[in-house]
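Taken from TrEMBL as is:
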BINDING   D4, D94  Mg(2+) binding site
DOMAIN    1-118  domain 'PIN'
Amino acid sequence: MVIDASAMVDLLARTQDRFTSVRARLAGTVMHAPAHFDAEVLSALGRMQRAGVLTVAQVGAALDQLRRAPVTRHELSPLLAGAWARREILRLTDALYVELSDTADLVLLTTDERLARAWPAAEAIS
């Protein structure tokens, strides 16, 4: 399964409305993500801390969990051309997840409603 940053953030931040569903869906799966995944998760956690949703300590703990998460990170260079070809319908960073999902023939899990609307083949948790 390809996990996008939104799903991982909901898991790490233990968001009330999505944590349980994401955790249940990921149980027993092998997770994959494009290499930029960690940067996107870091950025989202930082936004949540600045907004007062998470404390500095909570972000630190989440980053420790992220480092230990059993996610296979995939190089971006093989995904770039396919992501670029999807530029009319997807944000390019989202297109990298979609391209990995397509080329590896894996389900893409997201909690990002915009991505789910743009790419209906994604499995969305809302």
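Glycine residues also receive a Cβ, built from the backbone N, Cα and C atoms like all the rest.
Fair warning: this is a prediction, and the values are worked out from it, not measured in the lab.
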Sparsest Cβ environment (other Cβ within 10 Å) among binding-site residues D4, D94 belongs to D94
Could you pull the average pLDDT for the domain 'PIN' (1-118)? 97
